[in-house]
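Over in TrEMBL, the protein carries these features:
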type	residues	note
BINDING	Asp33, Asp318	Mg(2+) binding site
ACT_SITE	Asp33	active site, nucleophile
BINDING	Asp35	GMP binding site
ACT_SITE	Asp35	active site, proton donor
Amino acid sequence: DLLPPGVCNLLNPAAIYANNEISLGDVEIYGFDYDYTLAQYSNLLHSMIFNTARDILIEQFKYPEGLGKYDYIPGFAIRGLHYDVQKSLLMKIDAFHYVQLGTAYRGLKPVPDEEVIELYGGTQHIPLYQMSDFYGKGPSLKQFMDIFSLPEMTLLSSVIDYFITHGIEFDQVHLYKDISDAIRDVHVKGVMYKWIEKDLEQYILHGDEIYAVLNRLVNHKKKLFLITNSPFSFVDKGMKHMVGKNWRDLFDMVIVQADKPNFFTDRRKPFRKLDDKGSLQWDKINQLEKGKIYKEGNLFDFLRLTGWRGSKVLYFGDHLYSDLADLMLRHGWRTGAIVPELETEIRIINTEQYMHSLTWQQALTGLLERMQMYQDAESKQVLLEWMKERQEIR
């Protein structure tokens, strides 16, 4: 009777999960981000980004050549971690602003819990004003939210590891800025786009499924739009690879180089039209036409020109804040988060070992709740052992 019924129902790793009731019959317009939403990339891309940014640090920023020995470590970092710039700490902070003990790293080595608590003045809690603002640009704590930040976190940790093991003093702020600049250069200078374009087969996954989904929506008279930060020629090659050369016929609106998250929050940039070769036009945009390609722009003009407001729009993206939370809270769009990590998590939840541990943890919790009034020495010892075991299971 210590175990609640149905504690271990199997979940389907490929399912779609709803945090809020939604009737798809009411959705008339489907919007998509491109990178990591329509285009899913293979993990090979992370190593390439890591290596290129590492070489930029050595060649252009004159960092020590010894950094060349470091390679990308798959699985070292996950999305959503925070980095404390002043303390060079990479860690997991939960929704209540508590540092999760056992998750703090300086460089590639874990930092003992006692030291972390001491660094934050005797507590695990980090107050709101120190935390980053909505887009992770806070005063001293940066949150890494998109999939492209996995190589950045690993590079950051590798460089710190090099400096610490060689006893070299470094300025935390400069180091952090140099690494984010090096990573940014990989994207901005288009290096990454060139690799992907050269070998679409190797980098892009699930092309056939994307084709099937988009076609099905169009056949059911739904309107589709695409808003991406990537340049047109890159998106064009990827979509031709996945969907076919007439991919643009499926979309009512295509917006490239949108500069998200600013696209969603800033009214300054007007839309510009591109011709079929991708060259900029100068004319003023008074309507958004099907089959045309637009660049930059902002959400306020987009809503004004299309009239696509509220819950008839469902927009898919992979950045939980800048793609999704804001759109929902400010504009009432429905949003879908593409979270590839969930598949692995759910597979683990479905293993017998996980279920066994979860069941036993529930049982131990029940025992502790019932027996905690026994305070004689012998009982206290048993309670302590149970607590320790419960902690280990967690």
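Each Cβ is built from the backbone N, Cα and C atoms, and glycine gets one as well.
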Output the one of Asp33, Asp318 that, of all these binding-site residues, has the highest number of other Cβ atoms within 10 Å of its Cβ.
Asp33
If you measure Asp318 (Mg(2+) binding site) to the residue listed as 'GMP binding site' at Cα, how many Å is it?
8
Please work out the number of neighbouring Cβ atoms within 10 Å of the Cβ of the residue listed as 'GMP binding site', leaving out its own Cβ.
23
